[in-house]
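Peer 1: According to TrEMBL, the record shows the following:
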- 1-295: domain 'Major facilitator superfamily (MFS) profile' (DOMAIN)
- 12-28: transmembrane segment (TRANSMEM)
- 97-121: transmembrane segment (TRANSMEM)
- 141-163: transmembrane segment (TRANSMEM)
- 175-194: transmembrane segment (TRANSMEM)
- 206-231: transmembrane segment (TRANSMEM)
- 243-260: transmembrane segment (TRANSMEM)
- 272-291: transmembrane segment (TRANSMEM)
Amino acid sequence: MNSSWSWRLPSLLQGVPAILQLVLSIWVPESLRWLVYKDRGDEALRVLSQYHSCGGHDSRLVRFELLEIEATLEEEKKHKAIQWTEFIRTSGNRKSLWILLFILFILFIGFAAQLSGLGLTGYYLTKILNSIGVTNGNTQLLINAIAAVWQLCCSVFFAMLIGRVGRRGLITFRITTMLVVFIVWTTGTCSALNEDRHFSDRPLALVVVAMIFLFQVVYQPFAISTVPYVVECSLYSLRSKTATIFQFCGYSASFFTGYVNPVTLDRIDWRYYIFACAVLGVEWVFAWWYLPETKGKGLEEIGQIFGGDELLTGTQAIAKKREEKYRGLMRAVFVSAKLLMQATLRKGRVKFEGCYRSYYCVA
């Protein structure tokens, strides 16, 4: 295809998944927490019952989960946790913000600046293949196609492992294996030796291609686990703001590095990867010692990990709600008893005064 459709057609085909998602979104249920937050508890119960108990409204699990959501959101409303300053007001929110900034760093500033290599295997794959002697157009196209299918398969596989391994496990696995891949790619057997041999060693070129496909394996656990992880670490009322910060920083960093990467690759070539190895080492230390695991926990239970002492979530919020309910009930009983006693005393006093007056008049 020699006309302009050689690039127009692939661009148009990229819109097909978006259109499909738009159509299928009609059948997507509304968010449970949004319904509860808007005091539409009956609809929330119906949605929760449909997916957690096959439509049974009397399930104890469903009732407990709904009560947990209601209690947590009531606590957020009491604290008015909807302002941007909430990110730094409590210790739990500061911890969540710190994790968000870290994820932003390694997700966007990291790999967008070639620190993690996503741009290398994506935007600059042709240049990499040319540098190792793979210059045939059909061969490059075949490698690109296989890499795309391979990436899809890896995404599906690791998406099914999130519930079993956990997000922290996948992120740590990604950073560790990515570091090994880049050390091999950069120093051990690939770029440095290939340059010394004037890029004429075919086996080393094949090792580079193998590293590209291995990179797709180790990158996918990170890609599919970080975005949900960032959102999970925030309160319900701050999740939209968290997503805003996430996307804004990501696109800003991508815009910046889009101009920096070509110049850096032209000036220092494969030595750019050494910086990636150093950054990945720092990432590994942080992820291993600081990132908590959220495996097997609901959003309200995750809130207990990050909540701190100022804002109660999950079962803590339920306990406080019940305590306030019983305290209010006892207060009502006490007030009622007090009023009844006062009324009884008043009635007795009136009766006594009547008897006294009758006796006095007779006398």
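Counting begins at 1 with the first residue displayed.
Any Cβ shown, glycine's included, is placed from N, Cα and C.
Describe the structural context of each listed feature in the structure shown, including burial, neighbouring residues and relevant distances.
Peer 2: For the transmembrane segment (12-28), the list of distant contacts is empty: no same-chain residue at least six beyond its ends comes Cβ to Cβ under 8 Å.
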Peer 1: Averaging the per-residue pLDDT over the domain 'Major facilitator superfamily (MFS) profile' (1-295), what integer do you get?
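Peer 2: Computed over the domain 'Major facilitator superfamily (MFS) profile' (1-295), the mean pLDDT is 73 on the 0 to 100 scale.
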